[in-house]
Amino acid sequence: MRNLISLIAWHDSGWNGRVCRNPKENKYCESFGYVIRKRKYEFCVNNPDANLGNSRERACSEAIVFCKGKVQEHNIRFPAIFYVDRKNRNEHEIKMIKKEIEEQLRMINGKYAILYVRENPLSENRVIVGCVKIKEIIDGSKDYIRKKQSPNRVGRGIVFDVENDVIFALPYQELLEYCKNKNKEIEEILKEFNLIFEVGDFERYFKGMSNFISDEVAVQILKKGLEIVEEFNKFREENQDFDKYLTDENIAFRPHVMKKFDEFAENIKKVIAELEGSKYKYPGLPGVLYFLGMEDAYSRYIELWKNEGEKGEEKLYNALIESLENRKENLEFGITKKVIDKFIAQKEEFREFLKNYAVYYELSAFKLEKIKEQYEKEFINLDNIIKNPYILVEDLKENDSFERIIFEELDSWERRRLGDKFNPYSPYRVRALLVEILKRHLSSGNTTISTKDLKDFFEKMDKDIVKITFDEFLRIIEEYKDIISEKVEIVKKEVKNNENKEIIELFTLKEIREYEEIIENTINYLLKSKAPNIDLNPLEIREKLRIKNENKKPAGVDNEEYEKALDMQTEAVVNLLKNRVGILTGPAGTGKTTVIKTIMELMKEVLGLNKIYILTPTGKSAMVVNEKLNNLATAKTIHRYIAEEFKDYFEGDNYFILRLDKITGNDKKEIDALIIDESSMVDIETMGRLLGTIKLDNLKYLIFVGDINQLPPVGAGKPFYDIYNYLEKVNPQSICKLEIVLRADSKKIVELSKLFLDIDKEERIKILNEMFKNKETLGDNEIYRIKENIGGIEKEIITIEVVKDGNIKKSLENAIETILKENNTEDFFDFAVFNDKLQILVPTKTKGEFGSYMINLFIKQESKFIPDKYKNKMLENWFFGDGKVADKVIQIRNNYKKWVYDTERRKWVKEHGVFNGMMGFAYTFKKWNKYQKKYENKTIIRFYYPKIEAYTDEKEMEHAYAITIHKSQGSGFENVILIIPKGLNKFVSKEMLYTAITRAKKRLYVIVEEELKNFLETNISDLARRKTNLLENFNISYLVPYIENRQIITINGEKVRSWQECVLANLFHEVGIEYIYELLSEYLKIGVLPDFKLNIKNRTILWEHYGMLENEKYRKRQKEEKEPIYKQNGFEIIKLSEINENTKLGDKVLIISTSEDLKNNSQVLEKLKTLQQIS
């Protein structure tokens, strides 16, 4: 039966019926439109911590969720609000969907509501904060919910007794207050205790304001909730002073709730037992009846269940089956001719599904419509589903309005349907479970996983659901390979482990493997044949490139570098035209666009090729490319290309699905040359779909353009990276690298970015020394300046400010003022917004105080750059703009059919579209004649590229004074301010920092909170962590403990310089010793760069490994140069071989290991265990 998920706005005192204690600081609620539209913000700011009682004067409707005692409007605690997507639906369909939602809401009296927050200070993700038992549903006609419902909205008020109906509430606000008062970092606590209840695998249900979930899903969520509550109890045991923050009337926010914290675990167990023990046999019956046209289906079902229980349910089911089989009405049960006629109108397979399957499944009529839609579109085969219902898990397609059916749901439904005949060892069930695991890994970016990954995931699943052991799971997979292989491809891979050879198995979804095969076949086909015969004169090409570089050497670039850059560009043009497939890679400013323009001109002028396509992953990048190409070709997004060229095979309105299986050879596109720009952003499915549409016989050139060091795509896989690695092995001349930056302002920026690449130690130290050359102190803060002489003028190109006084906002304002002053202006909006010359970048959207969400609200509401007369307007309007000030915004969804106004051609363009990543600024429409009154006061966005305007849909836009680094990929900005808050070490990767730094074209200002190491030290690699097997590029090093290989990756995913260091890292991991490789902060403190820093029982131990003592120069450097520096800094030096139980460790310890030690890894393990004991 149905339960509720409901979104509530973050409240800094636990929704205790009071105004937030710090309303100005707590801005997480402001993304909820009513905070602005009701204009209650000022009330909150002026009345912090005021008791709301029954007052309606509050910004967020949910401030009273856990308020003590009764509240207004019949004890309503929070609203349940559902929005119906109107896209591609007529008014009748919308009315029916709304009616079904209203009917389903009747079913949740006495059921349970899971409460969650969206924007919050705890996590980048949505977080569950509690669960309550629903006592009553208040009708939407009540004034509290609004008498006048919007045409696509259904609203109800939820009532529960705060004394008796709270199943659990997680004390997150109390935890933050505890950390603040104890001067503790919450990130440190979270390293030890798993306290944050992120929605994780359940994310599909946590969309919009409210959603319904089945008992089965509710049970899974509650089981995770039980783990979190028990973890909080462990935390309480070790931090007993935390309890007063829960129950002490003087400091606790909601002691009337939290005094029962000890009972929460038992509450959850009781609810789980209740939901698992539900006796409903046909919970899908009301959905089937509503689908067939019985508008009061849910009400009838509830009434029969209340009055007669299982017997009433059985009566309704039998009456339905009898009426359908005999084609005869039964008005006693509401089964009219209309119901029977609609059933007859269905295809036979769907009738069978409705009668004998759907009645057991907890599916709404809306979901049945979606299943029918996918059946009619031939996404799924109902004949096969009737034979094997688990296909619903494997084949149903998901979109924004339809969550796929997960294994746990369908499996519980099948147990209900089959009863004693249920077989947990069915190969079809096992296959569906395997597919489910692979789909969840796919959502994390992994296209391929090993048996180890499979086991790790399997063992986290609920054993009561899985019903079989992992060994049984593998045995069934092996025994029924023919059945498994219909949906999953299993590859055996040979791995060399020292002198031994091991066989590992890799698992990939069949659909993903098909995309990989398309890519592999394309690459290998083009490699086997020669490119068109073209007479290339390198000297002429070089001159052509010189002219394109404006026939002059850029200021700040010396002659030797300039000529070398031209050599590289010339070589790139020649090699890319000599190979049918190639890669052009390099950071911004190295001339990639110049090379591509030259290649396209030669393709046209010399080879006569006209069908040249440039495709990009985002609309923004397509617009930027078009601006640079001067009509040589029209760039468009991959999505638009597919939608336009293959509209007969493309489902683009509700699903992004291209029916490649139906595109025959003749239907494929004849293209002379395909250039894919920003290739690092293209995921495996998009790349596979694209290449699957092209007739390879006609394709003369395929060129991938991008920066190989950037972040992997948001979607699954890393095809650009895998193709690069493959070509590097089989055809290295087809890879063209541009390394010399020809923008003088960018040169130092690119050099700094190399800190996050795999460069040697000497180059790293050279860059660091350049950085430390101009170090200053400003109060408590440290400032590092990197300058460049450009045209005889010394310019500050990079500023790195380490903020130790805690005032990031002040430092941000100072950074903005510095950049404005350098550009001879004081007008922030003219410079940063209207002309897009300044961009703030941050790693996260909502995590912590300085995600893009909070920075954006600070800029528009509090910063010194808002003129006083505009402050109220900026505060009261979520998006605002006029000629003086405006909100900078970014489009976050593709809208292919959006009409826009072309400001250059001064005309409306039908279905031009606006695309994810496009940026611009808002302004409020003012009517200038009576015909435009309906648009008055609507917000319009003026986009930068192309120069178009469009009316906004607020759900498709976000503020963009600050954006996340991920959103910045594919864009460049003249001036960049990068903010790196503390506590994000596990989140920020090398690729993320590299991408952020290289977004800056002329000026970079980095603001680092607390310590420089928060910026410089990261061993995390998103590319290394992502598991793929495209072109057999699966990285096996994390599976096998010790593999001798240059630049090897450890079990933890970081690259080390030698196999011996990898051995040590993996041994540390094996015994549970935390370590960091090549910790730059130690270099900053002592002047040498140790191989490892260990953390054992809060004792810091440095580690140097001597791997080449047979080399005299190496030995001398270690003994005569490095060791004295350690001694000067007070380090006691101990050899690993000398450690025993009697060894005494001082405060500063350096351990030295040698190659000799690693000849016996078992002995090293024992030494490490001894080290743990004596520390």
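Even glycines carry a Cβ here, placed using N, Cα and C.
The feature ATP binding site is assigned by Swiss-Prot to Gly586, Pro587, Ala588, Gly589, Thr590, Gly591, Lys592, Thr593.
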Count the other Cβ atoms sitting within 10 Å of the Cβ of Gly591 (ATP binding site), across every protein chain shown.
25
Identify all same-chain residues not among Gly586, Pro587, Ala588, Gly589, Thr590, Gly591, Lys592, Thr593 whose C-beta atom falls within 8 angstroms of the centroid of the ATP site's C-beta atoms; report them in sequence order.
Leu738, Val741, Leu742
Count the other Cβ atoms sitting within 10 Å of the Cβ of Thr590 (ATP binding site), across every protein chain shown.
25
When you measure from the Cβ of Gly589 (ATP binding site), how many other Cβ atoms are you left with inside 10 Å?
22
Just to confirm: which same-chain residues, 6+ apart in sequence, have a Cβ under 8 Å from the Cβ of Pro587 (ATP binding site)?
Asp707, Asn709, Val741, Val750, Ser753, Thr998
Neighbourhood of Thr593 (ATP binding site) by C-beta distance under 8 A, where only residues 6 or more apart in the same chain count:
Val625, Lys628, Leu629
Are there any residues at least 6 positions away along the chain from Lys592 (ATP binding site) with a Cβ closer than 8 Å to its Cβ? List them or say none.
Leu584, Thr585, Gly586, Val705, Leu738
To see if you understand the setup: which same-chain residues, six or more apart in sequence, place their Cβ under 8 Å from that of Ala588 (ATP binding site)?
Asp707, Val741, Arg743, Ser746, Val750, Gly972, Thr998, Arg999, Lys1001
Have a look around Gly586 (ATP binding site) and count the other CB atoms within 10 A of its CB, chains all included.
24
